[in-house]
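Step one of this worksheet: look at the structure below.
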Amino acid sequence: MMTKTGLVLLFAFLLVFPVSSLPMDAEAGHARLEMDKRDAGNEAWTRLLKRYEENCGTEYCTSKIGCPGRCVCKEYNYNGEITRRCRA
């Protein structure tokens with residue numbers, strides 16, 4: 001059994017170093033790192049997709065070559081010539 005002094009020291013130790021400040025286990029740390037990497041990847045993918053969508057007007061398309069991102073291939077008639085271009 002602990003003495004009163006031992007209990008006071010234990011209580012003081014827990015006040016100074018709470019359990020929540022202990023380092024997390026390896027699995028939780030790895031999961032958090034993976035989540036951070038995935039979020040960073042999603043941000044990069046979103047920026048790339050936005051850039052592709054902004055550049056829809058400069059992309060030509062055919063029946064075999066589609067358009068980037070959410071752009072769609074539309075036909076236009078310029079002075080009798082049919083041209084297919086990607087549009088948002």
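Each residue, glycine too, has its Cβ placed from N, Cα and C.
Here the structure is a predicted model, which means the values were calculated and not measured.
A C-beta separation below 8 Å, combined with a sequence spacing of at least six in one chain, links C56 (disulfide bond) to C67, P68, G69, C71, R85, C86, R87, A88. Among the features that Swiss-Prot reports, disulfide bond is placed at C56-C71 (among others).
Look at Swiss-Prot and you will find C61-C73 (among others) tagged as disulfide bond. According to its DSSP assignment, C61 (disulfide bond) is coil.
The feature disulfide bond is assigned by Swiss-Prot to C67-C86 (among others). Using a 10 Å radius centred on the Cβ of C86 (disulfide bond) and all shown protein chains, the other Cβ atoms total 23. According to its DSSP assignment, C86 (disulfide bond) is in a strand.
Annotation source Swiss-Prot lists signal peptide at 1-21, citing sequence analysis.
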Listed in sequence order, residues with CB under 8 A of C61 (disulfide bond) and six or more positions away: C67, C73, R84, R85, C86
